Amino acid sequence: MKKVIAITGPTASGKTSLSIKIAKKFNLEIINCDSLQMYQKYDIGTAKITLEEAQGIKHHLLDFLAPGTNYSIYHFQKDARKKIEETPLPLFVGGSGLYLKSALFDYELTPKSLFLPPTSLPAIENMIDFIKQKDPQLIANLDLKNPRRILSAYQDLLEGTLRSQKNKKHNSLYSSLIFYLDIDRQILKKRVILRLEQMLKQGFIEEVNQIQTHFPNPNFNIIGYREIKALLEGKITLDQAKTLIIQKTMQYAKRQKTWFKNQIKPIILDALSPDLEKTTICLINDFLKTD
């Protein structure tokens, strides 16, 4: 069974830094598993790795889609599995849990959502609860005032769930070693605040302005981008935008941790441990020795 490694965790937990160290140590190529970092121009607000930070490590499925491109979990599953087969020892990096699970586990997805007649649809509130359970990142970035988007997200997830249950899926297709970088919430919040201030200094507001100016129908139902867009439209102040971004990010991080623990059951590592790199390397060495 092909071996695959993954490093996941909340924003600002140190995934990028650790992944580069591990990739250099074991001569790995990285497959991006952050659904937002796949899009071009969404750089500052997604904390996308820079060329300098990458240190020559090859990255796949990163910064390759034009804003507004329709690229679903179905497309990612196909592309990610192709990259897995092409890469001697792939390293997934990112916090989009459902994307990672769709690539590594035996999910059967199709390009079209299931058609459900209106009489069979649950209430909007129940759809939202279902989405929240299945994909915390999706609910964090979903416009809950838009019933059409809620229905679309619900149908996409329902299709994958029904097909998985019907075919008794959820079995791993690969021999996987998955790490989750855990971090104290108070320290994480301080990091999120610091990162947001850095993003604003780097030009986050201008980035949002440029995207909406030059691309039709860009996706701004994303934590950070949604609030900055509201700021540019004069609906909220900068302080209000910052407060909302921090609040939404922390809420998402909480749901994200619960989802990973329940759905993927990764090896949880202390992101602040001085022995983090050493521990990770030891675990990978042991993993590579097994058949």
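Cβ coordinates come from backbone N, Cα and C, glycine included.
What Swiss-Prot annotates here:
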type	residues	note
BINDING	G9, P10, T11, A12, S13, G14, K15, T16	ATP binding site
BINDING	T11, A12, S13, G14, K15, T16	substrate binding site
REGION	34-37	region 'Interaction with substrate tRNA'
SITE	S96	site 'Interaction with substrate tRNA'
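In sequence order, K15, G95, F179, Y180, L181, D182, I183, A271 constitute the residues six or more apart from G9 (ATP binding site) in its chain with CB-CB distances below 8 Å. Across the region 'Interaction with substrate tRNA' (34-37), the prediction's mean pLDDT works out to 94. Geometry remark: T11 (ATP binding site) versus S96 (site 'Interaction with substrate tRNA'), CA distance 11 Å. Residue counts for the region 'Interaction with substrate tRNA' (34-37) under DSSP, helix first, then strand, then coil, are 0 helix, 0 strand, 4 coil. Sequence-distant contacts (6 or more apart, same chain, Cβ under 8 Å) of G14 (ATP binding site) comprise L181, I183, A271, L276. Taking the Cα atom of each, S96 (site 'Interaction with substrate tRNA') and S13 (ATP binding site) are about 14 angstrom apart. K15 (ATP binding site) falls within a helix when secondary structure is assigned with DSSP.
Apart from G9, P10, T11, A12, S13, G14, K15, T16, the residues listed for ATP, the same chain places the Cβ atoms of G95, L181, I183, A271 within 8 Å of the centroid of those Cβ atoms. There are 25 other CB atoms within 10 A of the CB of K15 (ATP binding site), with all protein chains counted. In the structure shown, the C-beta of S13 has more C-beta neighbours within 10 angstroms than that of any other entry among the binding-site residues T11, S13, T16.
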